[in-house]
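The next block holds one structure in the form of C-alpha cells; read it before the comments.
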Amino acid sequence: MIGPAPAGEQLCGAIGEPEMMEPALEGTGKEGKKASSRKRTLAEPPAKGLLQPVKLSRAELYKEPTNEELNHLRETEILFHSSLLRLQVEELLKEVRLSEKKKDRIDAFLREVNQRVVRVPSVPETEEILQDKDGLNQRYFRKRALYLAHLAHHLAQDPLFGSVCFSYTNGCHLKPSLLLRPRGKDERLVTVRLHPCPPPDFFRPCRLLPTKNNVRSAWYRGQSPAGDGSPEPPTPHYNTWVLQDTALESHLQLLSTMLGSAQGLKDGVALLKVWLRQRELDKGQGGFTGFLVSMLVVFLVSTHKIHTTMSGYQVLRSVLQFLATTDLTVNGISLCLSSDPSLPALADFHQAFSVVFLDSSGRLNLCADVTASTYHQVQYEARLSMTLLDSRADDGFQLLLMTPKPMIRAFDHVLHLHPLSRLQAACHRLKLWPELQDNGGDYVSAALGPLTTLLEQGLGTRLKLLAHSRPPVPEWGISQDPPKHKDSGSLTLGLLLRPEGLTSVLELGPEADQPEAAKFRQFWGFRSELRRFQDGAIREAVVWEAASMSQKRLIPHQVVTHLLALHTDIPETCVHYVGGPLDALIQGLKQTSSTGEEALAVAVCCYDDLSRLLWGLEGLPLTVSAVQGAHPVLRYTEVFPPTPVRPASSFYEPLQERSSLLPRLDKPCPAYVEPMTVVCHLEGSGQWPQDAEAVQRVRAAFQLRLAELLTQQHGLQCRATATHTDVLKDGFVFRIRIAYQREPQILKEVQSPEGMISLRDTPASLRLERDTRQLPLLTSALHGLQQQHPAFSGVARLAKRWVRAQLLGEDFTDESLDLVAAALFLHPEPFTPPSSPQVGFLRFLYLVSTFDWKNNPLIVNLNNELTVEEQVEIRSGFLAARTQLPVMVIVTPQDRKHSVWTQDGPSAQILQQLVVLAAEALPMLEKQLMDPRGPGDIRTVFRPPLDIYDVLIRLSPRHIPRHRQAVDSPAASFCRGLLSQPGPSSLMPVLGYDPPQLYLMQLREAFGDLALFFYDQHGGEVIGVLWKPTSFQPQPFKASSTKGRMVMSRGGELVMVPNVEAILEDFAVLGEGLVQTVEARSERWTV
C-alpha cells in the first residue's frame, strides 16, 4: 500500500497526502536574493511586473456570451462565491494533483514491488504465523515486526530499491512499517509503505471492545499473577491498534467506492489536506490526518450533508462548517448503520477516548489517537476559517490555503518539555499505570492528556487554546535499533492567550469555610494562602509576583512551572518557556524587568496634565479648541520611552541670557532629549489674516504669548520660537505647535496673472496638513488601538528596533512602521490578534517579506471605518494610479489615495533590501525559538550585515548619546550628565542633540550625489556607506562641478572621476572627534 512519505517526499494526489508547494515569494527566491544582496542593485522600474487590465476591442467587449460561458458563470455562482476564487482553487488543485505521467511511473513501481514481495523466500501464509490468542500481550505486534524484518532483509538486497528502512505508523511504536523507495531519479517521487495486516476476520471483535483488557498487568510488569481476582484495566488504545490492521483494507475500499467517481469530493479532500498541512494539524502522533478528514467526508456524504455533485470548494466549506459546530469530544459520530444490540454504545467509547468517530463496523474509533487538545484546535481553526470565508475577502483564498501557520507564529507563548524522559517520572507521580500499560510503555502518550488538562485548569481564563506538537519519529535503517521515546526530541505546547485575563496577578479561590477550599489548596499547593478582601470576605487566593506589564504577560510561565513541579515532578530546568526572549531588545538601561509600557504611561499621563492646563489657560486672545498629541510616545510606539530628565550643571556651559545650556567640549555628549510634539488648535476667528506670511507672524505671536502664560500661571519653564513653544513639565519636554485650521488652504491658494485664485496642493500645504491634521488623527487612532490590544506597543517597538538595527530606519517613517504593526492587529487573518510582542514581531517579519508591495496597497482599516466596497474601490484606484504612487503604499481611512507616510521613502531598492532581510531573519528566529535547548543568542537577527557596504565609518562611543540603546548594549558607557535624584529643574535641557545624526546630515549634504549613508540611530557605532552605481562613471570635465572628483585624461579627453582618497579623508575631517576610523573596503569597487 502507498502511504505518506517523509517530509519533502510526499505524493501529490487527491487522496494521498499532498505536498504543499508554497509559491516563491517576490524578492526571496534565489534570483531575488542574488539581485538584491546589494542595496545598490537597481530594482526594476515600478511599471514592470505590475498587474495590468486586459485591453479588449470594442467588438470583443460587447460580444454576446456563448452558452458555454453562461453555463460556466452559472456554475461559478452556485459552486463558488466568485470567479477569482474558482480560478485560484483550480490552480491549486493542478499543483497538488499527480500528472498522468507520474501516475504511470508509480503504477509501474508498485507492480515491481508486488512481484518482489511475492518472490521473497520462506514467507509462510498469515494463518501459519498467527494463533488464536495472539491478540494478548503484544504477541501479534511482535510477530508482525518479525515478519516485516524478514521481508526487509530480502528486499534490501534487491537492486530495484534505492532505500529500504523502517518507520512507525502514525507514531505508534508497536507498529513499524517498511518504507521502499526506487533507485535513481524516481527516489523522491514515491515511497511505498508495506503494512502487514491479518485476515479481516482473524481476531474475534468482541475481544477488542474498548472495555476489554488484552495486556495483562502481571505480564506487563514482569510479575507473577496476583491471583486476588482484581479486575484488569481496559486497554482501549491497544485494542484499537489491532483493529486498525484488520479494517485497513475495508477502509480503503470504502474510500474508493465513495470518492472514486466524484471529482468534487476528491478535490474537496485535497483542499482539506492542504488546509490541515498549512496549520500543522496532521503532524506527528495523534494528528488529525488526511485519512481522518477523508473518512469525515464519507460520513457527511452518508448523512446527506454533502452531495456528490458539489465542487471541491463546497466540500471544503461543508466540512469546515461541520467541524466548527460539532464537538466530537462530547457527541461522537458513527459510520455504522447497524442496530445490532451486541455493538458497544457510543458512551463506552467516550469513557475510553477523548474524541469519538466510529467506522462502519461500529467497533473501531478512527479518532482513538486524537487528543482533546488537538480536536479543539481543529475546531478553533475551522471557526476562524468559516469567519474568513463568510467575509468574502479578496485575499480569503490566500489566507485560508496558502498561508502557513507554524506553532511559533500561531501561538503567543510556546514551551518545550525537554528531555522527554522526565515524562516517565510524571507518569509515576500521576499514577498512570493503566495508561502506560495501554500505550505499551509510551510515557509521552500516557502523560499527554493529564498534562494538558492540568495546565488548562491552572491557566483558566488566561488561556484561549492549548495545543501540543510531537515531532515525527525519524526513520531508521534495517540494521539499526529503533529510536526510543526519549530520542524523539521534545514535547512542545503552544498557548494562545486571552489579553483580557492575561495581566491579572490574582487567582481568586473559594471562601475559607467552603468545601471547595480544600481542593483549591491541593491544586495550588504552597502558593495558596488565605487573604482578607475589601468586601470583608476571607478567601483562598494565589498571588503572582509581577510588577510590570512584561512580567504580567509572563505569569503563564510561573503558573506552568509551578504546576508541573508540584503535580508531575517536572523541574523548572526541564521547562524551556519561550514567551519573552525578545523583550530585552526594548528594555531600558536600568529597567530590565520592564519593556517600557510603564514609562510610556507616565509620559502620556504628564501630557494629559499639560493638555488640561492648556484647556484652562486664561489670557489667550483665542480659546483652545483642541489639544492633540503627535508623537510616537503619545501612541505608545516610541522604541525607548523618555524618562524625566534633570541635567547636571557640570556637563554644560549655562547661557544665562537665554536660560539655556550648552554642552561642554571636554565632557561626553549629554543625554539625548527629544521633545514630544503637541498640536494646539485655536478657535476660528474672522480676525485671522488671509495672507500666508501674515498667518505665520500671528502664529509666532501666539507661541510667544503661550510661553508667557504657562510660565506666569503654572510656573513652567518655556522657550518660544516662531514655530513652536518648548515646555518643560515634570522632567518631560513638550513641543507645542499652534495650528490654524485654514492655514493649509491659504497655502494652497495660487493667483493667476489675471488675478484668479485657484487651489493647488503645494509641498508646504501638504506638509502642514500632514503635521497638524493627519498626524494627530493617526496618533489618536493608534492610542485607541493600544487600549484594545495591550501587545501593540511591544510589537510596533520591536518592529522599529529591528528595521533601525538593519541601518534602514531613516528610509521608513515612524508612522509607516506603526501602521504595518497596526495591520497585524486590525487584519490578523488567518490568525487572531497577537497577545505577545514575540508572536507579533514574527508576523511582522512574515508580512513584510511576503506582501506584494508592487501590486497591492496595505489597507489599515483604523476604527473599521472603511466598508468592503470602499476597500475594493481603493484597490481599483491603486492599480489605475500605480505608476504615480510611492513604492510602498499604505492606505488608512484618512489617507485613501496618497500614502502620505511613505511619500518620501523608501526607494524600491531599500524596500527590496528590507524584504530580503525579513525573509532571511524569520526562519532563523523561528528556528531559534523552537529549539528545545533554549533560543541561544536572540540578538543575532538584529545585527546588521556589514559586509554589503563599501566603506565603514566607525564612531567614538563618547559622542553617541544613545550608546546604551545599541543591540549589543555595552557593559560600560559614559556618564551622560543626568542627576539620578529627580527634582525640579529650572533649566531647559539641550534638545535633539545627537552628533551622529548631525554628522550624517553633513555627509549627505556634501556627498549625497556620490554615496548613500546608513546608520542605526539607537546607539549605532558604524555608519555604512554605499557608492551610488553612477558615481564611478567618468563625467565630462566641468570647472563648476569638481567637488570630490579629480581630472583624468582618457582617450585624449579630460574626464572627472571620484577622488576616493580625498573623499575618505573628508569623511574623517568632517567628523573630527566623532569618527574613530574610516575603513575602505576597496576590494568591492574600482575607479
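Backbone N, Cα and C atoms are what each Cβ position is placed from, and that goes for glycine too.
Among the features that TrEMBL reports, domain 'Nrap protein' is placed at 127-258 (among others). Applying DSSP to the domain 'Nrap protein' (127-258) sorts its residues as follows: 55 helix, 23 strand, 54 coil.
The domain 'Nrap protein' annotation in TrEMBL covers 265-403 (among others). In the predicted model, the domain 'Nrap protein' (265-403) has a mean pLDDT of 90.
Annotated domain 'Nrap protein' per TrEMBL: 409-568 (among others), in sequence order.
If you look up TrEMBL, you'll see 583-787 (among others) marked as domain 'Nrap protein'.
Residues annotated as domain 'Nrap protein' in TrEMBL: 789-944 (among others).
What TrEMBL records for 946-1078 (among others) is domain 'Nrap protein'.
Among the features that TrEMBL reports, region 'Disordered' is placed at 22-47.
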Recorded stretch, among 127-258, 409-568, 583-787, maximising Cβ pairs under 8 Å relative to the domain 'Nrap protein' (265-403): 127-258
DSSP-derived helix, strand and coil totals, residue by residue, for the domain 'Nrap protein' (265-403): 74 helix, 5 strand, 60 coil
